[in-house]
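Asks: Per Swiss-Prot, the features are:
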type     : residues : note
TRANSMEM : 14-34    : transmembrane segment
TRANSMEM : 54-74    : transmembrane segment
TRANSMEM : 76-96    : transmembrane segment
TRANSMEM : 116-136  : transmembrane segment
TRANSMEM : 144-164  : transmembrane segment
TRANSMEM : 185-205  : transmembrane segment
Amino acid sequence: MHISMFDFSIYIKFFVSLCALVNPIGMIPIFTTMTNHQSHLERKKTNLVANFSAFIILLISLFAGNSILNAFGISINSFRIAGGILIISIAFSMISGKFTKNNKTSKEKNQENISVVPLAMPLIAGPGAISSTIVWSTYYSTWSDFLGCSIAIFLFAFVCWLCFRAAPCVVEILGKTGINIITRIMGLLLMSLGIEFLSIGIKSIFSALLH
């Protein structure tokens, strides 16, 4: 299978957009807070299950998301606009410093299922990541594109796993200020992505109305 450098840039952009949307480094304090009652082995298991679950959720969104939209009679352009607005709102909360604070309120001490809820969903594979994945699947819908995007999702889940695995060290090295700076940078990248989704959706709808 021949994949051009342009194709690689598409998958890299998708991978970067997921990282910017979820901000794994910014999630480290949340993961640490939620698992501080667990032993080292329990924390490792929680990390693995959470990221594997998020990987499966995003894969389902990639392969079946468009069919789900069609079943509900939702046009992809409407979904692009909704997804763009959602991503912009998340980006704004990240830039303004409210993102981490809001997520901390979802802290749960329930040992049994925090790996799936709320870690895998909605914190890792949340509405923003799911909507972004569905929109991406409509842009690039060949099997080679699905394979490339699947690899990007796997690498994203692996990066999240690495960040959570190294959580104690990262918190100690970066500190609260460093994590806040990274969160704001990710927010700017995310804002640009949301505006791109929004503008493409609006242009497509107006173009259809004019014709």
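Each Cβ is built from the backbone N, Cα and C atoms, and glycine gets one as well.
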Asks: Out of 14-34, 116-136, 144-164, 185-205, which stretch has the largest tally of CB pairs under 8 angstroms to the transmembrane segment (54-74)?
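Replies: The stretch I would name here is 116-136.
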Asks: Out of 14-34, 76-96, 116-136, 144-164, what stretch is closest in contact terms to the transmembrane segment (185-205), meaning most Cβ pairs under 8 angstroms?
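Replies: By the under-8 Å Cβ criterion, the transmembrane segment (185-205) pairs most with 76-96.
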Asks: Using a Cβ cut-off of under 8 Å, list the residues of the same chain at least 6 residues beyond the transmembrane segment (144-164) that approach it.
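Replies: Result: 1, 3, 7-8, 10-12, 14-15, 18-19, 22, 24-25, 27-28, 31, 47-48, 50-52, 54-55, 58-59, 62-63, 124, 133, 136-137, 170.
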